[in-house]
Each structure stands twice: as C-alpha cells, then as structure tokens.
Amino acid sequence: MMTASTIYTHTYVCNNQRTTLGKSAIINIVAKEVGLAAGYAPYYYGSGTVVLWDIKDLLQKDRKSLRVNVEFDHPTMVKWSPDSKAFIISKYSENTVEVYKIEKKKDSWVGHPTKAFTFPKVHDEDIIALGIACNGKYIMTCSNKTSLTIWDLKGQELAKVDTYLMTTFCAKISPCGKFIVASGFAPDVKVWEVIFNKSGEFQEVKRVFELSGHTSGVYDVAFDADTSHIATISKDGTWKVFRTKVEYKKGEDPQLLKTGRYELGSSPSLIALSPNAEVVVVATTNSLAFYSALSGDLDYKIENIYNGKITSMLFESSGKFVFASGDKHIRVFHNVTGYRCNIATAKEKLKHNQTSATKERLQNLIKDSEIFLESIEMKA
C-alpha cells in the first residue's frame, strides 16, 4: 500500500508530480494537449485551487508552478483557451463557468491570472463536462442529466441541446472543433456538428450520426489527433474504435474497426486514444491497461498506481507519453505499446512497394523504436 510519502516507481514511469495539498485534494488533468503547446498544464484540486505547471521538459524532476485560488468555491474542471492566454473553470457550488486571463512575463513564465468574468447559471444539475473548441468559436458545458449548452467566448448562450441520454456521463468537443460528442446511460454515443457560416456567425447544432454497438451505457469517449477515429468504453465490458472520417452528409455511417474486452472495476472506467489511433489505454479503478487498437490485444497493465481511483488521463500531443491523475499525484508514463505498434505498422508497410525515402523513414522508425524498447527492458 502506498502512502503520501511513497515514491512511486515503475519501469514505464517517466515522471511524478506531487502536490502539497491535504487529503481532500482531487486532481484532474484537463488542458489543451496537457498544456504542452503553451508549456503549462492546469490541474484542479478540491481545495479551491488551480495550479499551472511548466511541463516543457517532461523528464525534468523539478518544475515551476503557480497556484491560483478560487474564491468561496472550488473548481471541478479547467480548460485552456486555444491561444493559452486564458483558462476557464466550472465552479462546484455556484455551478457556473468562470474565466481567468493570463499574461506572460519576459522569461516566458506566466504572471498571476486575473478573474475576468462569470457565465450566467443555466444548469440546475451538476456540470460534468466543459470544453473550448480549438478554433475559439465556442464553449460547451453539459450537466449530468440531459442539458448541453453552447456558448460564445463572452458567455452568451448560443444554443441548448437535449442529449436524450437520461443520464449523461461524458461530453467532449472533438480536436478539430467541429463536433460535440456525448455518452451516457444509453448504449449509443450521440454526435453533433456545431455549424457556423462563412462569415463566422453561429448557425445551429445539428445531429449528424451515432456510434452504435454497445449493449449498455457508455462511460467515456476519446479522439485521435484529427478526429478521424473515436474510441468508446462501456459498462458492457468492451471498448470500441470507430472510423469517423465519413461523408455523413451523404448518409455514410461510421465504421466499427475494433472491439476489445477489459476488466470492469468498482467505478466507471476511462479511455484514451493515441494521436495516431494505434493505442487504446483504459483506466479502471487505480490501474492502466494498454491495448493495441490494431489487434485489440492487451499489451501490458500497470496496477496499483494510486491508493484511490484514477480521476483522469490523456495522451500528450506526440503520443509518446500518457498522463494519469489520482490522489495527490500526476504521473507520466512512457507509451511503450506505441513503440511496439510503430514497429508492427512499419514492418507491414515495408512489405509493399515504397519510395526510397519512405523506405528509409520506416526503417529508421523501426530502429529508433527498437532502441527505445531495449532501453526500457534494461531498466526492468
């Protein structure tokens, strides 16, 4: 059993970041690509605090951080703006969204954020989802019932959507900013398109397709880098990967590519999909299971990462690392399965005719991946 002072060790762990908060602390990872593009990562805590971390170098043990107190409340989620000049939070007691603006110092670190404004309250139930589109055109909030709201960046309501899920477990904006996805008590995942005209004015939110195949409620969804694939995980004990780059306006449906089975835990599981859609990671209670999305097979499992459950996880933008949060720690793991998938995919492509440049690139990818795997095995 780990204690607060225990140094967590594992062959695949890259870094640990421990907070100095008390036992009530809750950590969740939510950010624009974990803040890597901007060099900062926000995490929220049950103590009414948001902390910004400098994570430009993931292998660095000591890093800058900045703590932001939330007055008379505590945040449940936090998201970066696309330009990383602001972040938004959802507040637990008030059940509203609040905006904080950031200014950079000359040394490229951030000055202390200032509260800009608060959105009107529209959700009677708890807010379980918060997101900002990468194009900066809108913000999404969703309650744990069926109420999903689209906002402009100034806090003006653009549209209300009924998820028709009875209970909504998850709602997310796609990386391309074009779609909103929601899952919950129903076995089908709903997908809408948020439509703007050529001059940038909001038009409507239109239902475009569903992801079907599960036999029970869907806990969580995840995207690859370009929204061409979506992964889902269900109470039925399976995860699925769909190809979603389809001509839905012409009636083409998403294609189910792979179904895998996972071990159910005592709490709803989470799912993450690598940027290239080759690796699926499932978080169940306090363990991470890494699967090949190509074969559906379990590659390896990391158990007992925390005393409590994993509260969130995601891939960083290169796909080389996976972030997980729980207790008072954020842990960073090497995506070892991704290197194995790189080798398998490259070898398969080399079986076909390739240009000399492509052939050299694939051979180098195999070599580099094998060198990395050898270095990991030496640590074991």
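Cβ from N, Cα, C; glycine included.
Outside the repeat 'WD' (120-161), and at least 6 residues removed from its termini, the chain residues within Cβ reach (under 8 Å) are 30, 32, 76-83, 88-90, 94-97, 99, 167-173, 175-177, 180, 182, 192, 194, 196, 200, 202, 204-205. The annotation repeat 'WD' is assigned in TrEMBL to 120-161 (among others).
Taken from TrEMBL, the feature repeat 'WD' covers 211-242 (among others). Across the repeat 'WD' (211-242), mean pLDDT in this model comes to 98.
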Per DSSP, what is the helix/strand/coil residue tally across the repeat 'WD' (211-242)?
0 helix, 18 strand, 14 coil
